[in-house]
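Annotated features, as they stand in TrEMBL:
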ACT_SITE  Ser696  active site
ACT_SITE  Lys739  active site
COMPBIAS  1-11  compositional bias 'Low complexity'
COMPBIAS  19-31  compositional bias 'Low complexity'
COMPBIAS  226-238  compositional bias 'Acidic residues'
REGION    1-52  region 'Disordered'
REGION    226-255  region 'Disordered'
Amino acid sequence: MPSRSRPSPKSTRPRSGRAPRGAPAAGASTSVIAQLSPPAAAADAGVTRQVSPLGPEQCTVTVREDALPEGPAELVLDLRIAPQNRAAMALRRGLAERAPGFNVAVVGRRGTGRTFTAVALAREEARRRPAPRDLVLLVNPRWPLEPVPAFLPAGAGPAFVRAMEELHARLEAAVHEVFEGRVRHRLQVEIHREQSAAERKIHDQLSKIAAEHGLGLVAGDDGFDFVPLEDDDDDETPGGDGPTADAASEAETTEAEARLNRQVLDAIEAVRPHVEETQRQLALLEAEIQQTLLQRQRAALRNNIAASFAAVPERALPTEQVRKYSQRLHEHLQQVYHLEEGHHLPLTSVPLPAGLVVPTLLVTSRPDDVAPIIHAQNVTLSGLFGRVVAGSNDSRYPEPGTILAGDLHRANGGFLIIDAEALVKREAVYEHLKACLLARAIQPHEEDEGPSLRIQPVELDVKVVLVADPDLIHQLQELDPEFSRLFKIRADFEDDMSFEEGLRVYPGVAAWLASNRGLSRCSRSAVAFLMQYGARLAEDQHRLTTNLGLLSDLITEATSLAKGADELTEEHLRAAFRLMQDRQGQMRDRLLDLHRYGLIRVEVSGQSVGQINGLAVVSDGFQSVGRPSRVTAVTYAGSHGPLNIEREVEMSGPIHSKGVLILSGYLHDRFARDFPLSFGASVVFEQTYTPIEGDSASTAELFAILSSLSGLPARQDIGVTGSVDQRGRVLPVGGVNEKIEGFFEVCRAHALTGTQGVIIPESNVRNLVLGEDVLEAIAQGRFFIWPISTVEEGVELILGEPAGTPTEPDDDAAAFRYPERTVYGRVERRIARLRRLATPSRT
């Protein structure tokens, strides 16, 4: 597991989701806050002061219960966001500004209430704005795959869509009636009647002409036939009696028949032109009848369609755009069905898909609604900008319901809150969102799947609130020049608040969180414990964390233990805290086992030359634990100065490597101002197999070098943490509570001797909020915390001799600055010997 030493107190505050290890001390009732004097100014080189160990009251923060409000604490919104006044002010400014580019970047750690505050203040601003307009997609008849967006007054969208659905139903019925229904049947009956009458009239005319020529007219399937009309005079046959008369009669009959045939043929020839004229008239009649039927069908369909559109209520078409849409749709249907005046093309029974008439309702709201607030959960192209789902048929018109709105459509006219981390993970989504904000329109996006619809851009009026960690926002500002153009307002959320502000905020927060879990009130001792816990999370006796998420987690577990109780007490919180630590203590217990079994070798008693117990922090993502490690130094004749073994094998980070180089500057300042620092030294963290980063072990590394150079053994019952500058000032580090408690646990695992303790930078005293076990050992004189401000103060403590006060050397270059029986006097003389060994002798 990686070991870390952190460069500064601020950088080591527990991150979101990580709880501190040590429980706040019990009996917190002596003072409002541990009053600390400012760290003493760094002493001049060589001048040391007596270092006294800290008392238990200096190693934690205590809360006086009578400083807390009496009675049940009430929580209002302003209390929840009080620690973030600066951020709230920036948020209010950004949310109220309607100019382009004034979107808001909310910057803070998770758990600081950044999202809650953004939503709460957006609700305030939303109440000042009207309900957003409804958004529908109108069909574009000429280009069906490019629907046209249209805005309607709030709440008018559903009525408009219903009216169009009813219109579609009426149109379908009208088309069916004309082509297949009662209208068609009625027109056919009328036309058949008119056609029959006209045909009879033509037939009668031809029949009269034929009769004038002695012919009768017989109409057949293949045309007309004629038969001679019978003449009464022709019925008498000539003749007389006898055979001779019979023969004469037969001859006469044959002659009469021949004459009759000639007369019939002559009559037919005379009538033939009239027959042809009749056939022409019938053919014209058939064409006229079909044309009449077509015109009547066209007129009937035209009238039915017009009646269908006329039946649409005016209130369902509230804007000029949708009224023109209805008019264009009417005109388009006339073209589809060839209904224009003077049109002679045949009617066709074209299907009438719903997608041609019924628009798609994307967004709707009630007239009494306020501006929308959308917290994007599905940060994808389809989630933000909408998507198209497959239809049920092959119509070239998009069916209603196949185009779905995205969060950006729903937030239009209001506020869209997005988690920046989820957004930047999908570069295409981030880039498309920027394009929409720059264009002030929701642009269509291309996806590999789904129908190839291209929706025309939708006018965009939205306030985007981007919630992000500080590191991510810094990267966006550095790497993306467009980011600052689009997010001109930055609301920075603090990680902590002042203790005085916490006295006002924490009681209300505790009461609100407890009431949400079913408890009617929260005791003052519970609030005091919660404030100590907040100070521990903030790693500062004068400040409290604003990470309400971690406070909520603790209270949630405590209320589970308080079932049946009316009040949340300190005992509930303390028990919940211990359960959390036990549950998350696998790494801590594993490290202690490795120390007990000697698999990790750390000596916590006795003395050793060139060896110091340095302190680092390791984390498993849930809990940070201090880990002691042996820092060893070996010095020898050479000329390159301190050698960082971790750096040489590329296990050292840049900050740690810088710390080692600072040691070289300090050694030059103290021991080699007038000549080269001619010795070599190797410094290493023993039994570390992962990269080392940070400079908080530089004080321990320097002590190890000084011990090796002086030959004085270093105390192994002391752990050391702190960074150092070239002038010997000991500087603050992070994770000081975890480091102290980690060393304490290792000492306790081997048995406390009553001499063990930790050296820390004096400027870190205000960061001490130690657990009750460590505080108890300090109160009993079994464990110690020594604050130092200079290297020299720690040298005497850990090596057993004063560092030494420098004197001004005389003109003799061989003179020494430090007395012989001091640590620095021994170091100075050892360096001189090594310099002589490293200098080639002249012959």
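Backbone N, Cα and C define each Cβ position, glycine as well.
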Lys739 (active site) falls, by three-state DSSP, under helix
Could you tell me the C-alpha distance between Ser696 (active site) and Lys739 (active site) in angstrom, no decimals?
-> 11
Check the active-site residues Ser696, Lys739 for other C-beta atoms within 10 angstroms of each C-beta and report the one with the most.
-> Ser696
Secondary structure at Ser696 (active site) (DSSP, helix/strand/coil)?
-> coil
